[in-house]
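Quick one: structure below, then a few questions.
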Amino acid sequence: MLSYQDKVGAFYKDNARANSSRLSLVTEDQGGRRPPYLLFVLLILLVGIMALLAITGVRFHQVSTSNMEFSRLLKEDMEKSEAVHHQVIDVLTPLFKIIGDEIGLRLPQKLNEIKQFILQKTNFFNPNREFDFRDLHWCINPPSKIKVNFTNYCDTIGIRKSIASAANPILLSALSRSRGDIFPPYRCSGATTSVGSVFPLSVSLSMSLISRTSEIINMLTAISDGVYGKTYLLVPDYLEGEFDTQKIRVFEIGFIKRWLNNMPLLQTTNYMVLPENSKAKVCTIAVGELTLASLCVDESTVLLYHDSNGSQGGILVVTLGIFGATPMDQVEEVIPVPHPSVEKIHITNHRGFIKDSIATWMVPALVSEKQEEQKNCLESACQRKSYPMCNQTSWEPFGGGQLPSYGRLTLPLDPSIDLQLNISFTYGPVILNGDGMDYYESPLLDSGWLTIPPKNGTVLGLINKASRGDQFTVIPHVLTFAPRESSGNCYLPIQTSQIMDKDVLTESNLVVLPTQNFIYVIATYDISRGDHAIVYYVYDPIRTISYTHAFRLTTKGRPDFLRIECFVWDDDLWCHQFYRFEADSTNSTTSVENLVRIRFSCNRSKP
């Protein structure tokens, strides 16, 4: 009987397990032949992975490029949206506001105007109603078959508007050249030089008269906003007899136009000659708004009566338009309407100006009211120090111990009312020169510059600020001082005890330029040089600068009259000057009228 082990061995005798050692050898043999296949599989896997990575990179690049393009397009869209937003805010919103204003505000106003127009048209055909025909449209073209009772108002208003429309281009050209600064810039570090030139007046009426043997005396010129005006006494050569009976009063007005080399040209457009028997020995002048106005008297001092007992004399009023043959050319004697306290006024050959259809002049006035303020000013100033004026017992121009006041003459030029000369007064700095006052318009203030000329080489003159409104005031500006000994509103003009310069034979008026900076000019007839000369002094008190320039004369003589009127043209100072002198060689009197130009320049400027 076989044991267990023998049974097992017999079972596996023909089985593979019995040859297990051989089988293992065969298995090792087969395992040795597998590595090439594995490497091939691994290589394929590696290639697949690299392909996947390449595909992934390409896709990533495409996605990045797509994102960048999308970002660019998005940015462009945002910029376009922002531009549209700004267009809406900056353009459409204001446009909508304008449309809203037009529809909500102006359209109802226009409809209301149309309604009023229709009502006025309808009213013209109502014969039972009276109308005011002062509207220019009804003056020019009244309805047919309607009887209209016209006055001079329609003619004057229509002519004035037509003239203003025609003259506007000339005035604008002149104004654009008359507001500059004549001085070099503040950066000037070198020497300032001045160059002067003299020009004749070729197309002026007065020059044509001077060129003949006729004599012109006491010429007065005023310039305002591109318009000039003159008045003077003419002694024709064909008249014989007493000199005083031969004087003819002449007025002229015209434009300041641009001429050759852009220089100004005073072109006469209208003039008026008063008959010999007219009361026009002494005349003021005012120019503005295309009009000349003048007040004329036979005697400078005018007595004013306030009751019916006195016979009040009239003052001759002359108005002249820029063009002739219009209702604005008129001569009329007017009875003045003075303040009850004004007893006398002193009219001289001095200038004013026209503003808002009102001609205004300044004159010395004698008033009956107590002058305690002025007297106290003098008494307190003279207690401790002796000023030259402290020894005066008579005051110009009226004489006697009463100080003159400041008088203002206003003449409304409204064609709808009659001419009326109103006289008011106020107090101010003490007046030492009674020859007269010039009144210049201030382009920046609701007032004017009141100037009193120097006199006899001892009084330097005076420049005050005078208001134009109903509240008439005079405030000192330059060439005055407040004495330490006095208190309150006390101002005195500068005066010296002796003549400061004996080589100065005569002095002109003080002229304030129509510039933004306060600048004034004065001229003198000087004999200190080898040749006689007219010397100009230009002052700017605010910037504390001043310049001089001398125009040497080819003649020598003794002057008895010197008058200037200055304006700015292309940043240069231009002055119209008129002077009379008695020639030393012939003892004959000669009148000279011309234009002078002073150009200031700087040698070098700071960078």
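Indices start at 1 and increase along the chain as displayed.
Just so you know, glycine gets a Cβ as well, placed from its N, Cα and C.
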Looking at Swiss-Prot, which of Asn19, Asn603 is flagged as N-linked glycosylation site?
Asn603
Compare the C-alpha of Asn391 (N-linked glycosylation site) with the C-alpha of each of the glycosylation sites Asn422, Asn456, Asn587, Asn603, and give the closest one.
Asn456
Using a 10 Å radius around each Cβ and counting other Cβ atoms from all shown chains, which of the glycosylation sites Asn391, Asn422, Asn456, Asn587, Asn603 yields the largest count?
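Counting Cβ neighbours within 10 Å, the top one is Asn422.
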Could you give the mean pLDDT over the topological domain 'Virion surface' (59-607), rounded to a whole number?
82
Could you state the whole-number distance in Å separating the C-alpha atoms of Asn587 (N-linked glycosylation site) and Asn456 (N-linked glycosylation site)?
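Answer for this pair: 23 Å between alpha carbons.
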Between the Cα atoms of Asn456 (N-linked glycosylation site) and Asn603 (N-linked glycosylation site), what distance do you get, rounded to the nearest Å?
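One finds 37 Å between the Cα atoms of these residues.
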